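First the structure, in the form of structure tokens, and then the observations on it.
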Amino acid sequence: MIIDTPEVQDINSFSRLEFLQEVYGILWVLVPILTTVLAITIGVLVIVWLEREISAGIQQRIGPEYAGPLGVLQALADGTKLLFKENLLPSRGDTRLFSIGPSIAVIEILLSYSVIPFGYRLVLADLHIGVFLWIAISSIAPIGLLMSGYGSNNKYSFLGGLRAAAQSISYEIPLTLCVLSISLLSNSSSTVDIVEAQSKYGFWGWNLWRQPIGFVIFLISSLAECERLPFDLPEAEEELVAGYQTEYSGIKFGLFYVASYLNLLVSSLFVTVLYLGGWDISIPYIFVYELFEITKAYEVFGIAISIFITLAKTYLFLFISITTRWTLPRLRIDQLLNLGWKFLLPISLGNLLLTTSFQLFSL
């Protein structure tokens with residue numbers, strides 16, 4: 001059977017068109033993910049630079065100033081140095097667990113960014129269980145730290161891993177109860193719906209004013225989840241050398257370093273989304289563009305301003321976290337656990353019961 005040349009050309013062009021459509025579909029999926037990863041990386045570099053500058057200001061000393069203008073490239077230089085350092089493995093440790101631990105610590109935090117709205121409807125995955133997906137993913141972190149501590153075959157590392165697991169479990173329960181109270185108030189667990197529920201009433205509709213007790217508990221619990229001072233017991237250098245990070249070097253140590261700042265950034269973003277209204281702001285910036293009837297420019301401007309507002313609120317909370325680190329002393333392990341189980345847990349339960357009662361009576 002002989003097929004005419006025009007028919008063969010039509011078949012080839014059709015198959016080529018299908019191939020191009022598949023490539024376009026793959027790129028359409030990858031571009032938002034890669035853009036988010038790039039933005040998160042830049043955000044982490046900014047946080048590291050801010051922490052060094054703020055700590056230098058608090059301690060009345062000169063911070064980084066040689067690597068780039070105002071020392072902005074210092075974090076990048078440190079990352080490059082860690083990348084080229086020798087990657088050592090403990091001779092009698094479990095090398096599989098030792099290698100997998102840092103990867104789990106980073107990957108589970110990166111997955112949390114998929115449900116965070118960075119601006120108006122600007123979210124990778126708007127899920128109905130968005131906030132609880134974040135809590136479920138973040139509960140995997142202690143497993144990675146335990147694997148790192150056990151795989152190191154070092155008593156200080158293992159103690160640091162056990163402390164990290166105990167601390168995470170102790171403070172994750174009050175944090176979850178606070179998130180549950182927010183979900184009850186907003187009648188949704190979607191991060192986008194929670195922000196939109198707050199934006200209906202403007203500045204005074206933020207959950208900061210409706211849930212002040214929950215806000216304080218969430219703030220303390222998120223600091224403890226990030227293992228920041230005064231809650232950095234898993235890596236207390238005076239007691240445990242460096243905790244679960246003791247045997248790590250090179251890029252694996254860099255992964256733990258990056259994971260701590262990624263966790264701080266994701267916690268700050270969730271504080272913004274759950275309590276500070278997300279991208280919502282009560283300043284009327286719309287009328288300028290409606291006056292000139294520039295609809296497309298307004299749309300671009302609206303997205304840009306919503307991203308800026310979200311990041312401004314996020315970095316405000318980051319400033320509070322950084323100043324807390326260089327202001328308060330470290331707690332003892334018994335004080336840390338008593339604060340979580342004897343104070344924050346009962347108060348968060350009471351706050352949830354009050355919120356539930358208020359919602360039932362308002363029906």
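Cβ atoms are placed via backbone N, Cα and C, with glycine included.
Record features, source TrEMBL:
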{"type": "TRANSMEM", "residues": "26-50", "note": "transmembrane segment"}
{"type": "TRANSMEM", "residues": "97-116", "note": "transmembrane segment"}
{"type": "TRANSMEM", "residues": "128-147", "note": "transmembrane segment"}
{"type": "TRANSMEM", "residues": "255-277", "note": "transmembrane segment"}
{"type": "TRANSMEM", "residues": "297-322", "note": "transmembrane segment"}
{"type": "TRANSMEM", "residues": "343-361", "note": "transmembrane segment"}
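Between the transmembrane segment (297-322) and the transmembrane segment (343-361), the number of CB pairs under 8 angstroms, six or more residues apart, is fewer than three, so the stretches are not in contact. Within its own chain, the transmembrane segment (343-361) has Cβ neighbours under 8 Å at 171, 173-174, 177-178, 180-181, 184-185, 211, 213-214, 217, 220-221, counting only residues six or more beyond its boundaries.
Residues 36-37, 40, 89-90, 123-127, 130-131, 133-134, 137-138, 140-141, 143-145, 147-152, 191, 244, 247-248, 252-253, 255-256, 258-259, 262-263, 266, 269-270, 273 of the same chain, all 6+ positions outside the transmembrane segment (97-116), place their C-beta atoms under 8 angstroms from a C-beta of that stretch.
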